[in-house]
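*Asks:* Before anything else, here's the structure in question.
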């Protein structure tokens, strides 16, 4: 696991965009996340597409999750969200952006089919991730199995409450079930790119990076991955104990060693 500490989340977004640009230029498969954390990175990639000609035409992409029962046309579906925030602004073909089907007649079966589709398409080359304040990744809440596959999960009441801000503050409008890639599925991506910003993420970052690998902190599974990059701003890194080494390692990184 490589830890990159940046002064601000804008600096982090630029580094993340540098990493993703390499994959885009090679036509690789991207794993996309929604939420506020990757927005700066998406905006920087959109800028490079518009101003520098960065193309995503040869790429394909998979999203992490979707609400169960929410039509994809709904503005808060993750199908709509990823297009509104990123993919509709670049040249990746829409038919090459794959999403879980939250309105499938048989959601459990659809989850298994999505898991198989990822494998059939060659797997994910780089997966963007964010971390919840409780250490969750995607919708894998604490105590999720580290071997879990794409499946249906019941949202924690706190998650429903948090997400109600996207539904005019009305918790009754927030779906209580989601289809999410499992931790085992996510682990199969060849490169995990974790972005963490803000002091409210400091405890989760500490648990993920320097705590034990445990189901109570799903993100701690990154410690077992052969190629994980964690980019944090100063606020999110505030509780890490080994920042001196993380900074030293980055400053002395050989030119030939990519992120």
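Cβ atoms are placed via backbone N, Cα and C, with glycine included.
These came from Swiss-Prot, pasted as-is:
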type     : residues : note
ACT_SITE : 65       : active site, proton acceptor
ACT_SITE : 134      : active site, for ring-opening step
ACT_SITE : 136      : active site, proton acceptor
ACT_SITE : 141      : active site, for ring-opening step
*Asks:* Count the other Cβ atoms sitting within 10 Å of the Cβ of residue 134 (active site, for ring-opening step), across every protein chain shown.
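*Replies:* There are 17 such Cβ atoms around residue 134 (active site, for ring-opening step).
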*Asks:* Tell me, how many other CB atoms lie within 10 A of the CB of residue 141 (active site, for ring-opening step), whichever protein chain they belong to?
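*Replies:* Summing over all protein chains shown, residue 141 (active site, for ring-opening step) has 21 other Cβ atoms within 10 Å.
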*Asks:* Can you tell me how far the Cα of residue 136 (active site, proton acceptor) sits from the Cα of residue 65 (active site, proton acceptor), in Å?
*Replies:* 13
*Asks:* Quick one: what's DSSP say for residue 141 (active site, for ring-opening step), helix, strand or coil?
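*Replies:* Once the DSSP labels are grouped into three classes, residue 141 (active site, for ring-opening step) ends up as coil.
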*Asks:* How would DSSP class residue 134 (active site, for ring-opening step) in three states?
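*Replies:* DSSP call for residue 134 (active site, for ring-opening step): coil, neither helix nor strand.
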*Asks:* Below 8 Å Cβ to Cβ and six or more residues apart, same chain only. Which residues does that give for residue 65 (active site, proton acceptor)?
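*Replies:* When sequence neighbours closer than 6 are ignored, residue 65 (active site, proton acceptor) has 34, 78, 100, 138, 139, 178, 179, 180, 181 within Cβ distance under 8 Å.
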*Asks:* Quick one: pull the CA-CA distance for residue 134 (active site, for ring-opening step) versus residue 141 (active site, for ring-opening step), whole Å only.
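*Replies:* If we compare the Cα positions of residue 134 (active site, for ring-opening step) and residue 141 (active site, for ring-opening step), the gap is 8 Å.
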